[in-house]
Amino acid sequence: MASSRMMQTLIHLLKCNIGTGLLGLPLAIKNAGLLVGPVSLLAIGVLTVHCMVILLNCAQHLSQRLQKTFVNYGEATMYSLETCPNTWLRTHAVWGRYTVSFLLVITQLGFCSVYFMFMADNLQQMVEEAHVTSNICQPREILTLTPILDIRFYMLIILPFLILLVFIQNLKVLSVFSTLANITTLGSMALIFEYIMQGIPYPSNLPLMANWKTFLLFFGTAIFTFEGVGMVLPLKNQMKHPQQFSFVLYLGMSIVIILYILLGTLGYMKFGSDTQASITLNLPNCWLYQSVKLMYSIGIFFTYALQFHVPAEIIIPFAISQVSESWALFVDLSVRSALVCLTCVSAILIPRLDLVISLVGSVSSSALALIIPALLEIIIFYSEDMSCVTIAKDIMISILGLLGCIFGTYQALYELTQPISHSMANSTGLL
């Protein structure tokens, strides 16, 4: 029974980290360079896992000190500030929880917005190329098809189905959808790898190192791709033997990092300068690989509900507490609908998959995955004879996260303000 619970936790951990960001990794490697990209991806992966471990240790230390069974990310931030030496921070400790909750909402809704764009991009390509799709799988030709319908129209088609999906609040039903998402994702990943490993050209003309401006976009995408930081505490809490979670975390994240590096590097080597914002958009125009887009899109559709669960759990209880019980259900469903519409509107306003991934990663994922865990360790353990090496390490991680956040956000916003035709070669907005 314990091993099946461990396996279940491992599958959830993999699902949390394998989303749309994974498919954007070949473009991310292109933005960093064939040598710098994989090395930097490995470094960011190791750093992210280290910060996950820091977060788990901080939460465990606080729960023992406060004699609680479990503390979530926001509570860990609040309780650590309540015990720190600075008076101002102690009196404003609750803002620590608000900040983490706000960043989690922004990150998760950002993921959901990216899911909208991803599904619309792939749906558009499938529908509008249906009449030229063949049974013979040949490398994708650059098709100059005039879009029949605007990409935004496809987003509006998906919208009502997603609203109905998020009305499902039973986690057991959602776990069935999670299993479906796992099966479709696994099938499509196998077919993607099967294709990109065939006849990879010698990468002599691909740069080992790209320029620093595109590297900043790489940083945002890489941080975005490690989507699971907000889920490590809930996943540990649901285990029958939480002390086994460290093994699950290291095993799961090792698989994730190897998968990321392989897909990103092989994908870039295969498609070179033609690499698109999502690798599915590079696949051959035949029914077999169109089915990959369909399968992955179905997987992402169901994953939307799981990612949506986090902001819903933060926002909805607060909204319901403001009204009488008779209005509770109406408010619940209205807030869910409004949040889905918000992710749709943001996708419609900025239909640039690669840049939105980089922006969300730079703004909030870097704070949640790198900056806050490192600062928490200093605040919680400083009074307990913390070594100078650990303090220096945590300060370095926080500074790295902050610099990545500032410069990555600036570069992504700058790219978004550029007209598509004048934007850099790495941007692949499907308009």
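Including glycine, each Cβ sits where the backbone N, Cα and C put it.
When TrEMBL is compared with the stretches 12-29, 66-83, 282-299, the one noted as transmembrane segment is 12-29.
Comparing 12-29, 151-168, 395-414 for CB pairs under 8 angstroms to the transmembrane segment (98-118), the maximum falls on 12-29. Sequence-distant residue pairs (6 or more apart) of the transmembrane segment (395-414) and the transmembrane segment (216-235) include at least 3 whose Cβ atoms are under 8 Å, placing the two stretches in contact. When Cβ-Cβ distances under 8 Å to the transmembrane segment (327-350) are tallied for each of 12-29, 35-58, 151-168, 216-235, 356-383, the top count falls to 151-168. Taking every recorded stretch in 12-29, 35-58, 151-168, 216-235, 247-267 and counting its Cβ pairs under 8 Å to the transmembrane segment (356-383), the highest total belongs to 216-235.
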